[in-house]
Each structure stands twice: as C-alpha cells, then as structure tokens.
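Structure first, then comments.
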Amino acid sequence: MPTIGVLALQGDVREHARSLEAAGARAVAVRRPAELDAVDALVIPGGESTTMWKLADAFDLLEPLRVRIKSGMPTYGSCAGMIMLADRIEGGIEGQQTIGGIDMVVRRNAFGRQIDSFEASLDFAGRGLLRAVFIRAPWVESVGEDVEVLGLAEPGDRIVAVRQGPLLATSFHPELTGDARVHSYFVEMVREL
Ligand code: GLN
C-alpha cells in the first residue's frame with residue numbers, strides 16, 4: 001500500500017487523508033522535510049496559496065518540495081494546491097511563488113465574485129460525471145503540449161483538471177463530496193509510476 005503525504009501547513013488536510021484511505025493508500029501529514037522524504041507521493045490541499053507559499057518557505061519546505069517534484073514524485077494539487085503546482089500564475093500577489101512542475105498558466109480566483117463557490121457536474125478523465133465543488137477556485141488559462149486536460153467546467157468550458165506525467169491538479173475539491181474517484185485515479189497513478 002503506498003504511503004501518501006498530505007501537505008499539512010494549511011487547508012483541509014483531514015478530508016484528503018480520509019479520501020486517500022478510502023482509495024486504498026496510507027495517508028500521513030507532512031510538515032517537515034524529513035516527513036516529505038518518507039512518503040511515496042504527496043497531496044497539496046486547498047486553502048490559500050499565498051499563505052501556503054509563505055508557510056512552506058518558513059518551514060524550509062519550498063526547495064525540498066521543488067526537488068522532490070522535479071525528481072518525479074507523484075503529486076496531486078487541489079485548488080490552492082493546483083496553484084502551487086503551476087509553472088506560472090496570474091492574479092497572484094506581489095512576489096508570489098509557486099512550487100511549479102506543471103507547464104500551465106493558472107489564474108487565481110478566476111470564476112469571479114458572484115460565483116465565489118459553486119458546484120458543477122463534470123466528466124473527470126472519462127470516468128463519468130462527478131459533482132465538483134469550487135471555492136474561490138482558479139482555472140487553467142493555458143497548458144503546454146505535454147499537459148493532458150482531464151476536465152472542463154461551465155461557465156465557459158474552462159480547464160479545471162489536468163495531468164502532466166506524475167503531476168495531477170484540479171480546481172475543485174473532491175475531498176468534500178465523499179466521492180473517492182479523483183483520489184482513486186491518483187492512487188492508481190502512484191501505483192503505476
Ligand atoms: N483562492 C485561493 C488561492 O488563491 C484558493 C481557494 C481554495 O483552495 N479553495 O489560493
């Protein structure tokens with residue numbers, strides 16, 4: 001059974017851990033570089049990407065995260081976690097850094113104020129419709145040629161789920177719906193890689 005860390009600086013860590021366990025993985029919290037070294041894969045939860053960036057820096061995790069991700073550790077980022085995995089962001093605060101890894105431009109808070117939070121039904125990776133919860137969510141503005149688009153959402157058929165090799169990202173929060181299909185997809189990726 002793979003051991004999958006959940007970056008536990010901020011955000012809905014417990015819900016991700018529960019979904020990973022439902023999908024057949026062992027879930028552990030990661031707050032220190034030594035804990036990062038001990039996991040096979042990582043989930044970066046939703047929360048607030050500016051805070052997560054500052055905390056990762058303060059906990060001396062930013063560089064170790066970049067190194068592990070560059071060396072091929074399977075990583076799944078949800079919402080703020082998607083922002084953290086983007087090579088480029090729009091709508092960030094002054095100087096905001098990401099971990100990077102996925103060749104894409106992600107726009108923060110993209111769906112706008114009127115629809116701060118909403119639900120949509122969307123097809124994820126050809127595995128049927130799932131209920132997706134968006135909370136001040138980003139969308140993906142553009143992707144490089146090695147990035148596979150796994151999901152689109154109304155309004156506007158925006159890109160909200162992508163994969164590049166061992167890296168997976170969604171704008172939405174599958175950990176909040178009790179549907180473990182996205183986590184199962186990720187655990188399958190971890191087993192294959
Ligand atoms: N708007 C948040 C950010 O910029 C993301 C929101 C979320 O993770 N639910 O990081």
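A Cβ is built for glycine as well, from the same backbone N, Cα and C atoms used for every other residue.
Among the candidates R18, R107, R108, R163, the one that TrEMBL lists alongside G47, E48, S49, I135, R136 as binding L-glutamine is R108. Using a 10 Å Cβ-Cβ cutoff, R108 (L-glutamine binding site) registers 21 neighbours.
Non-local contacts of S49 (L-glutamine binding site) by the CB criterion (under 8 A, 6+ apart in sequence, same chain) comprise A80, I83, M84, I89, G92, Q96, T98, R108. Note: the Cα of R136 (L-glutamine binding site) and the Cα of C79 (active site, nucleophile) are spaced 8 Å from each other. Between the C-alpha atoms of I135 (L-glutamine binding site) and E175 (active site, charge relay system), the distance comes to 12 Å.
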